[in-house]
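Taking it in order: structure first as structure tokens, then the write-up.
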Amino acid sequence: MSEEKDILILAIESSCDETAAAVVKNGRDVLSNVISSQIDLHTLYGGVVPEIASRKHIEKINQVIEEALREAGTALEQIDAVAVTYGPGLVGALLVGVAEAKAIAYAAKKPLVGVHHIEGHIAANFIEHKELKPPFFSLVVSGGHTHLVRVKDYGKFDIIGRTRDDAAGEAFDKVARAIGLGYPGGPKIDRVAKEGDPDAVAFPRAHMEDAPYDFSFSGLKSAVLNYINGCRMKGETYSQADVAASFQKAVTDVLVENAMRAAKEYHMDKFAIAGGVASNTALRAAMEKACEAEGIELYYPSPVYCTDNAAMIGAAAYYEYRNGTRHGWDLNAVPNLKLGER
Ligand code: KG4
Ligand code: ZN
């Protein structure tokens, strides 16, 4: 019996504030995963500054790619395709990765595969769960996105619900800044909330009458701001831990409720969470509990594969490559790329 040839993909990710490169074998085995984070740089400004992000990507990208190839013990000639995130994201940041990937693919005479960033986040689940195959449901919660997605097949998606305003991670970051925790807010709120009471403050949970799977977090963010301003005006102090825990509970309640309702309506017995916020310990615990009660198998990536990385892009790219997706030398950055668009 002839064995199928291994497919090695060099993947590049630069859509936001991480410059990353990875070598992934057959979409599931990560041979290297190098990430150069700009977090310290952007912390000075309380959030990502697009112009600075692009400049830093330029400085780091060659070094990160060289390291990824070296760590994987792979020469460029052994690579089957070069993959890159080409949207959505910050246009200047995306362009750095896209231009680099085109140059490498052209020089090394390798096919070029452009990847959707969210498709990458979802595919992060394939790395550690070798048995996970579509169809399944996914909740993608990151700094820029909150999507409830039906994954019908590799690369085939239906978006069932999305945020109307702020993304879940964005709400974490804004609330963290308001209560003095700084950037990036998600991991800090996660940590501080462990010391707080999630029922201390009754923050609102938004439900959309006309679209039952959509989300809205801007009202919740305003409620937190009003609460802390109210305390300040009355000369009262508030507990940072209680506000963090109550806010986090309000976010996770809505995420879990919509996710479970969708999984049940679509009779889906597998659910995978993805994106930076998928590393939130309260969300994971609440999803575990809800899925167990419904007999649904829950999957989530390790934290390093939840936040932006290139291994997830290599995982998604493998299935795109097998389905015949190839991009030309005119590939451009598409800041508002739609999921499933090629
Ligand atoms: O996926 P990601 O790295 O970038 C985007 O594609 O946006 O997600 C970053 C977001 C940030 O908003 C960050 O605050 C949030 O994920 N995040 C978390 C946690 N770790 C990262 N939010 C809640 N709890 C966490 N433990
Ligand atoms: Zn991301």
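Every residue gets a Cβ built from N, Cα and C, even glycine.
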Site-mate of His117, His121 for Fe cation in TrEMBL, selected among Asp308, Asp330: Asp308
Record-annotated substrate site (TrEMBL): member among Asn62, Asn258, Asn280 besides Val140, Val141, Ser142, Gly143, Gly144, Asp173, Gly186, Asp190: Asn280
Distance [Cα-Cα, Å, rounded] between Gly144 (substrate binding site) and Asp308 (Fe cation binding site): 11
Confidence summary (mean pLDDT) of the domain 'Gcp-like' (30-314): 96
Fe cation site, defined by His117, His121, Asp308: further same-chain residues with Cβ within 8 Å of the Cβ centre: Glu13, Ser15, Cys16, Thr85, Ile118, Gly120, Ser142, Gly275, Asn309, Met312, Ile313
Set of same-chain residues at least 6 away whose C-beta sits under 8 angstroms from His117 (Fe cation binding site): Glu13, Ser15, Thr85, Gly87, Pro88, Gly89, Ile313, Leu337
